[in-house]
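For 1-36, the entry in TrEMBL reads region 'Disordered'. The compositional bias 'Basic and acidic residues' annotation in TrEMBL covers 1-10. Annotated motif 'VHIID' per TrEMBL: 156-160, in sequence order. Residues or ranges marked as region 'SAW' in TrEMBL: 345-418.
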């Protein structure tokens with residue numbers, strides 16, 4: 001199998017992709033907010049020694065929510081002094097949340113820029129030791145393949161709203177090449193418009209994908225980078241940079257993208273614009289982080305929901321990766337730590353799940369395109385093959401989503417729409 005190389009990237013999952021099936025918190029009050037004496041700092045540390053890391057993190061979030069910046073800073077410092085970043089899952093989780101809250105105290109949230117993106121090695125390690133990205137990519141790819149096959153498409157245009165390192169697409173390209181050889185027909189022409197905010201990363205992604213396509217004898221492959229400026233609603237930028245052609249089957253890939261859109265109606269408005277392009281398929285993959293009715297400006301509640309979600313993620317990593325793993329520590333620091341920072345600072349809708357995204361898609365005029373039995377079966381095979389832990393499983397949601405779970409706790413959903 002040909003490899004799509006970037007440092008230690010895994011081989012693509014093309015062997016799994018196939019043709020469509022024939023048939024189908026407690027509040028910790030601090031009254032001293034005006035004048036803080038040294039003995040108060042000692043009191044916080046003494047109290048911290050008898051409190052759980054989670055309790056201290058939520059106390060910090062509560063103080064920050066109430067505007068007690070000094071109290072929030074002391075609570076965050078207490079967690080950072082007690083929670084070992086190399087300790088057990090609870091300690092590591094608390095450490096990363098305390099770091100994010102401390103950063104919010106210092107930067108005042110509104111003026112805080114995003115933390116630096118994860119290194120390539122950390123991103124690829126995340127793809128190795130955790131199934132979340134591979135599950136999302138594999139399942140979305142199968143939905144795209146089936147939509148293209150259903151239309152007997154000869155030209156496919158994929159709009160990838162977050163091209164990242166491009167690791168989603170080699171399996172799909174290889175599946176198309178293999179299917180073309182098996183059917184003695186040339187594979188369809190594939191054009192990817194890859195959006196992102198890092199020009200150098202987009203250039204490298206395009207170079208790698210073009211080289212990989214050439215190795216598969218797919219000379220018609222095209223990759224068009226689309227550089228976006230950070231924006232809470234990027235539809236206008238996307239509309240200006242996307243070239244639509246009437247003879248192409250259009251697929252819009254929204255993997256870990258919609259949570260970035262701001263405002264109560266942001267996702268619905270954006271999906272309405274996507275619908276206006278008349279795509280054959282829209283793939284949506286998002287984290288299952290909480291309940292849709294939770295309010296974005298309620299920091300303690302948002303922090304509690306995020307802690308519940310990432311507690312399951314950290315437990316899953318701990319069960320799969322040996323203690324002291326350098327890869328796991330890098331992933332937690334650079335990938336998950338960044339996600340936690342975004343959730344705490346409020347640059348994304350942190351408390352959303354499949355029901356909320358499904359409601360937004362329906363309100364935008366979309367209809368579900370249920371994932372096939374084959375798509376669900378290959379997601380389960382992915383877990384058995386690469387992540388053989390009894391804690392992971394894949395469930396089918398009643399409204400058509402495929403959900404990755406840890407100990408029955410939903411962590412990520414993938415759905416398909418048109």
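Cβ coordinates come from backbone N, Cα and C, glycine included.
Predicted automatically and left uncurated, TrEMBL annotations should be read as such.
Within the chain, the motif 'VHIID' (156-160) has long-range Cβ neighbours (under 8 A, six or more residues past its boundaries) at 144, 148, 168-169, 188-195, 238, 242, 244-245, 248-253, 255, 279. The predicted model assigns the region 'SAW' (345-418) a mean pLDDT of 89. Taken through DSSP, the region 'SAW' (345-418) splits into 25 helix, 20 strand, 29 coil.
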